[in-house]
Amino acid sequence: MGCFNFIKVMMILFNMLIFLCGAALLAVGIWVSVDGPSFMKIFGPMSSTAMQFVNVGYFLIAAGAVLFALGFLGCYGAHTESKCALITFFFILLLIFIAEVAAAVVALVYTTLAENFLTAVVVPNIKKEYGSQKDFTQVWNSTMAGLKCCGFTNYTDFEGSPYLRMHGTFPPYCCYNSVNHSFMEPCDIVNAHNMSVQGCFKQLLYDIRTNAVTVGGVAAGIGGLELVAMIVSMYLYCNLE
């Protein structure tokens, strides 16, 4: 009985932490959705690294809502010894775990497919918005400056864009010389072609692969915590009368 009570208390504390993290993510997600530029000014260029691949505000809101609900179910189920809440908690966590494993497999096996899909979505937006939409342009500038990359695939993404029509050149990041850390001017089509600056998607993949041990360790840690939480919730469920 002492072991059961200890596990019950740990379950409540763990899920209280998940509940608070979910509330924090919800708050940040709403902040980013309402006032993205202020968020980037406070947290710097790295805060926008992934903002062209997902809508960060909505992603944080969705993730925060899931964590909020999970934390509540876990706390409520353990505190009130509700079998219904505990089994619901278990199955939601199981679905998340399966989805994460599936996403990892798809990311590893179908990287090219993912790139083609994102290219079809992101590149038309660059051609339409870059140079005319302030927030969109600012996010891409921060991303290119942070990753030392050019466009989603390369400089051709900016052909036909408002920026090119307005300035007659490509963004300076497309003519970045990584050897002497300078920008070749003017950044016309000849210089952009000769510099062959990597697209941001490939650069992001390269950075992830370079830090594969860290990324893998974090993913394994999250998966381990999810497995432990599922085991504990099932233990409490099976030992309730």
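Glycine too: its Cβ is placed from the backbone N, Cα and C atoms.
Bear in mind that TrEMBL entries carry predicted annotations, made automatically and left uncurated.
As recorded in TrEMBL:
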TRANSMEM  12-33  transmembrane segment
TRANSMEM  53-73  transmembrane segment
TRANSMEM  85-110  transmembrane segment
TRANSMEM  212-238  transmembrane segment
Counting only residues 6+ away from its ends, which parts of the chain sit with a Cβ under 8 Å from the transmembrane segment (85-110)? 66, 69-70, 73-74, 76-78, 219, 222-223, 226-227, 229-230, 233-234, 236-237, 240
Given a Cβ distance threshold of under 8 angstroms, which distant residues of the chain, six or more beyond its ends, lie next to the transmembrane segment (212-238)? 4, 7-8, 10-11, 14, 74, 77-78, 81, 83, 86-87, 89-90, 93-94, 96-97, 100-101, 104
